[in-house]
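Asks: First the structure, which I've put down as structure tokens, then a few questions once you've had a look.
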Amino acid sequence: MAANNIRHALFCAIVTLIISFPILGLSLEAKGVNITLSGAKTSTYVAIVLAAVAVFVFQIFRDTFMGALGKLPNLNPLAGREPMEQNKRVKLESWLLTGIVVFALFWPFLVSRGSVDLATLVLIYIMLALGLNVVVGLAGLLDLGYVAFYAVGAYTFALLSQYTGISFWMALPIGALLAGLTGMILGFPVLRLRGDYLAIVTLGFGEIIRILLNNWTTLTGGPNGIGGIPEPTLFGMEFGRRVKEEGNTSFHETFGIAYSGEHKVIFLYLIALVLAVITALIIRRFMRMPVGRAWEALREDEIAARSLGLSRTAVKLSAFTIGAFFAGFAGTVFASKQGFISPESFVFLESAIILAIVVLGGMGSQLGVILAAIAVTILPELAREFSEYRMLIFGAAMVLMMVWRPQGLLPVRRVQITLNKQG
Amino acid sequence: MQDLLYFSQQLINGLTIGSAYALIAIGYTMVYGIIGMINFAHGEIYMIGAYTALIAITGLTALGLAWLPLILIVALLCAMLVSSSMGWAVERVAYRPVRGRHRLIPLISAIGMSIFLQNYVHLAQGSRNIGFPALIEGGFNFSADGAFEMSLSYMQITIFITTLICMTALSLFISRSRTGRACRAVSQDIGMASLLGIDTNRIISATFIIGAALAAVAGLLLGMYYGSVDPLFGFIAGLKAFTAAVLGGIGSIPGAMLGGLILGVSESMTSGYLSGEYKDVVSFGLLILILLFKPTGLLGKPEVEKI
């Protein structure tokens, strides 16, 4: 056994060397037409060797190590405790959410413009993640092309404002409805597919939308994108220094205050905040409605749910449409915030990031998803020097979550009723 | 005559790309056939194969090796070694712990692995695409009296021959060798196979290793054919190969070969007769249509849903 163990450990160490040395240790450089090979820094080689040694040691003591790790949760004082009572938990969660919202309302007036801008982006991601949470977390449909609906919302606003001069407030429902409609049209044929096939089909659909946006130059401007998307107005008041559209007044003149660029940023932030809260509330309601129960029932056991009379297509389609609807919502806000959109913003990676937020937060759990969206968007900004490692860490985190805690950081607790023993 | 030459040119181009797709598709189809999961990171394994091959070629040339076949064979072996190790490691780290859980969990894990590997190469080798030297140049030219010239390059011939060798070797391996027989047994019924004394974990590892090695071959061939590699190079190719695997019937090895060829030809016909920009739309559209109307593919066996 021991000899076998050492052989296995040695093998693992050698594999570590093989997969890391050529890629990390030798880097290709293009100099004109010639390609040269150059070695990496000594520290890289040391790191590679250290990694191999670490793998070797870990594999030798694997059993002892894993055994020790298995005992660790006992050290956690919270591990053995009874789960919190259902209504207490719900109360706590809603208090926490209200607290976050109240804090978020006053927060932008205290901090710099850059942070408010970032916070708007976080709110957009929260909307997207809440929407995807319906599809992936509640209904259990893995949608890898979610960003397509986001793009539909953003491009609807951009194109309508370019051709008809529509305002943000008009575009918001139109963009969301169109995205929802796209979701319904796509969902109708594909939702009878099995889980992993569905994932690939939605991925293919997302790519098709992006390629179309990229190549339909006459309509979408291709890779150059569309610029000059108007900002939202407050009852006809614009936030620019000068009024762009006739009939509108400007915000700072109406209220007789000095012009400041911050007004616009804060206003956009507040709009995003209100929309995110609305999204969360609507979805929260849905979760308690029969349709929400049906989503979860179908996710847990399709055959049982169908034999209880649920229509598979109708239930899945409703989840897919609602998810797409909120993506369209977020897309309109995004277009308005950036003022410029191009297909670059709607690549597969974006879908993967939103999916990662949902997975990290705990599929189905709203509070978890909101916290994960905040973490995933803000952490890379805080650790700027590590920002190039962001996606690397992302990928690794997704794998680790699936291996160790597939239910997410804050998993949703099932509403349950225990039957008391009959006397 | 002119039209015929143009058509055959597209056909040749399509078959070239298609046979390389088939090589990648085998990895998808074998893994799916045995453990029923989509190995999303397979495209990245292929990309790593292409990078390793390029590193080996550059290194060997710098060392002063001049005999081309030797360079290519050594580069091929290096690429296969690194990719296979990677395939093995990925299975051990990301797939084995989640095996047997809900279907979406291995898939999400695989997506994470794919993002991880893409960025691993991106950080180590830079994000810019790097030119792959055209080592095999020249070819046969056929021309009618018109202006259009049909060409069949030596590179394309190399791709055909290499693919043919790999496919034959794989077929022999699967049908004749002990491990191959075990592979077939495991893919038919994994529980029964392990009852009969087959080490299923070893067979699953072997599947990943074989798939990765074939992807590395494709990486070298397509890298040379396209003339450049970059860290995102595997993503689209992986999707295409997956399409090919589904088209032929996922789980079936001859299906993957057939699917690859059909996909390659339909793609090159689209770029030849419609527009090159929409060739990806055609292959994804094809994927969606097959999954909708014939989810078992051309040569696949229908799957019975068991309760």
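First residue shown is number 1, and so on along the chain.
Just so you know, glycine gets a Cβ as well, placed from its N, Cα and C.
Remember, it's a predicted structure, so these values are computed and weren't measured experimentally.
What TrEMBL shows for this protein is this:
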- A:43-61: transmembrane segment (TRANSMEM)
- A:94-112: transmembrane segment (TRANSMEM)
- A:118-139: transmembrane segment (TRANSMEM)
- A:146-163: transmembrane segment (TRANSMEM)
- A:169-190: transmembrane segment (TRANSMEM)
- A:197-213: transmembrane segment (TRANSMEM)
- A:265-283: transmembrane segment (TRANSMEM)
- A:314-334: transmembrane segment (TRANSMEM)
- A:346-379: transmembrane segment (TRANSMEM)
- A:391-407: transmembrane segment (TRANSMEM)
Asks: Counting CB pairs under 8 Å, which listed stretch among A:43-61, A:146-163, A:169-190, A:265-283, A:391-407 touches the transmembrane segment (A:197-213) the most?
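Replies: Looking at each of A:43-61, A:146-163, A:169-190, A:265-283, A:391-407 in turn, the most contacts to the transmembrane segment (A:197-213) are made by A:146-163.
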Asks: At a threshold of under 8 Å on Cβ distances, which of A:43-61, A:314-334, A:346-379, A:391-407 pairs most often with the transmembrane segment (A:146-163)?
Replies: A:314-334
Asks: Take the C-beta pairs under 8 A between the transmembrane segment (A:314-334) and each of A:43-61, A:94-112, A:118-139, A:265-283, A:346-379. Which stretch has the highest count?
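Replies: Against the transmembrane segment (A:314-334), the leading stretch is A:118-139.
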Asks: In terms of Cβ proximity under 8 Å, which residues at least six beyond the ends of the transmembrane segment (A:118-139) contact it?
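Replies: For the transmembrane segment (A:118-139), the sequence-distant neighbours (Cβ-Cβ under 8 Å, at least 6 residues beyond its ends) are 104, 107-108, 146, 150, 265, 268-269, 272-273, 275-276, 279-280, 283, 286-287, 292, 295-296, 298-299, 315-316, 319-320, 322-327, 329-330, 333-334, 337, 353-355, 357-359, 361-366, 369-370, 372-374, 376-378, 381, 412.
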Asks: Six or more residues out from either end of the transmembrane segment (A:391-407), which same-chain residues have a Cβ under 8 Å from its Cβ atoms?
Replies: 349, 352-353, 356, 359-360, 362-363, 376
